[in-house]
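What TrEMBL says about this one:
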type    : residues  : note
BINDING : A:617     : ATP binding site
DOMAIN  : A:41-172  : domain 'Methionyl/Leucyl tRNA synthetase'
DOMAIN  : A:683-800 : domain 'Methionyl/Valyl/Leucyl/Isoleucyl-tRNA synthetase anticodon-binding'
MOTIF   : A:43-53   : motif ''HIGH' region'
MOTIF   : A:614-618 : motif ''KMSKS' region'
RNA sequence: GCCCCUGUGGCGGAAUUGGUAGACGCGCUCGACUCAAAAUCGAGUUUCUUUGAAGUGCCGGUUCGAGUCCGGCCAGGGGUACCA
């Protein structure tokens, strides 16, 4: 075998072609081997893959290759989440058609992924912008409509009054439109919704079955679904009407000092009809965007309607306000406000001089302790009539019981989860397959006319949805009555596209979205890997879509992802500066960071260094891996992605370190060159380490703890390098090759061939650890005095406690440290430590 | 604002899940080889007032023993329903 350097520029391409020619990674639906579906979240084709993608796909690739070696039939597909806003932005900025831009990005990124040696089954590649794909999606949407899971209602959007267009939340910066700079307003539009709330209980219960999901993701989803039980009751109003409110804290009812309704609540609307000031106030509430963060942090504003609401216990009349912080979408759109025990109510009461009453206190003696902020914690009820002395839970129940008994209210379950609004007033998405007819109303497009194809001849340069102003596309005849009608011009949220792609990967018939029989063979996904930023929305929507299909009997799977791994994000500093009203971002390769500060290479002017945050296209803080692959080869890059950082943790990008990986690749190459199957002799210590490493690396890969596997491989490599030639050493070298093969597949194939082994290493078998060699005969015992380490002892494994104690007390260092003090207690942990308490 | 997470040497991190803190790697320093460089190999590398002591963001608690458990803070990040 050669002792020259490993040359990735030659080897990488050679083996990539070998895998492709032999169709090594094409999954066989009919295979009898145990199946394994490994899936990484498919990328948005932004143009170039970035380091975050490389990290994500390397992890999945190592697992997929490992599973093949352990005898599984592996499905490891890749495709493109190809609809979305950046394509429209590129069209505006560069004058390229979104479709053209997207398709050329896909071609680039596919080539980049191939250069990394990813073991994808490219025969199943799909792009969500293909009419073939979104046509099936439109069919499912119509099925959901017919099953009563789709409806239309009014809902608020961010409206840019200058550009006369709907803005995404990301396009609203400091309350202003990103292009026009005009203050954004809320505007109501009639939009399409999916009834995800029908599945709230199911989605919540399902979390209990997902024991291979990270706890934190389940907690986040549980909080997002937000099941609460409380009291819904009605206030009698001074104008003779009544007002339904919902509260999760009925126990604090005696602390209620005002009532508040949402600006779009019927009571508010009624007041505004006869009161200009109220109408003006409601108008004012329309200022600003629609995000929860914006609504929650906005200054609390209210308008006193002059109406009174009669307190059900005290009979007192509480003032009814219209308040900007009350949401029409949650509960009844009206609240009983308790300033003492809800911070929002506290802020509001402080501003408008309303009473702040304590009704929960740490103990009865603190009943009149002043409140400097709302106290939401547990305690005992005070200043609350018949509730005094009760704890919070009993008081809640007592109030609900009274309300039910007296007939003015009842216990109710309320969910924070809202129905999924899927309408987007945008071009680059799947058209919603419906037709508006004056006579027949909303009519689904007949299935034999699907897909409703997006027209290519559109003008993107003007703000707004080009489908609306397209001269011909939207004009059709009503499928029901034949009269002139118009197509729906809203397109589907791109989260719809990503809610079922994993089913299409498993099965791709032409006449329907998937074949449920084939899907059943592969699903659920055995290991799903993606960014933690998708913990709630994407994962919840995909769970919903799967369950919705199951409910209409099109699928026999409820939870799509059996095991989830959320990798940390690859992060990087941002570079920006203000140009006029706008903040302009620059990419790391446009910036010179060498002088301590940051300077733009193009004009030598300073730019601001922003926080270290997730890499994103909009902040331009991405790093292109291509130059690194070119210089060091795919294996060094892959190894680097797996080393050091635990995969669930964020990885702050730095270029330092890749050199070390390159050196290790060469070090392995030299070691593999020393393989000699003819040498005789055994090396017991090395044999033990070989088998321990086999066991540990297998466990580490299964747990996706690649950084630990890497550290163990370093350890075995060092040991093998130092060992004298023996049959054991040759076996160790061959084992190391197999262990690194999922991580460095090109080097592995090259060395495998050079060693004269049969076939591809991609088709080889993972080594088996001998359990007898995994246990040590000697252990090192820590000897502590009063919890401080004083000595260590090397003893036979399994030595009785009394012997350990005697040995520890005999230690000279222990005696010196005890200094004649009386031994009061000795704690012995077998095979681990002795702690002497004096 | 709210929900979730993270915090350990110069850097990425490890720590058998309550039992020897700093494995392994990067970087750096010194040495070997070389006319020289690259590559490679060897040694060292938490801090300090170094026979010892301190030390895992900060303050406190539980324990024979805390990076790990509990309470309270601080800082950074993710999500917050139209970025994907």
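Glycine residues also receive a Cβ, built from the backbone N, Cα and C atoms like all the rest.
Automated prediction, rather than curation, is the source of TrEMBL annotations.
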With a Cβ cut-off under 8 Å, give me the same-chain residues at least six positions beyond the ends of the motif ''HIGH' region' (A:43-53) that come close to it.
80-82, 84, 86, 102, 105-106, 108-109, 112-113, 127, 531, 569-570, 614-615, 617, 622-626, 641, 651, 653
Tell me, by DSSP, whether residue A:617 (ATP binding site) is helix, strand or coil?
coil
Helix, strand and coil residues within the domain 'Methionyl/Leucyl tRNA synthetase' (A:41-172) as assigned by DSSP
69 helix, 20 strand, 43 coil
Can you give the mean pLDDT for the motif ''KMSKS' region' (A:614-618), rounded to a whole number?
78
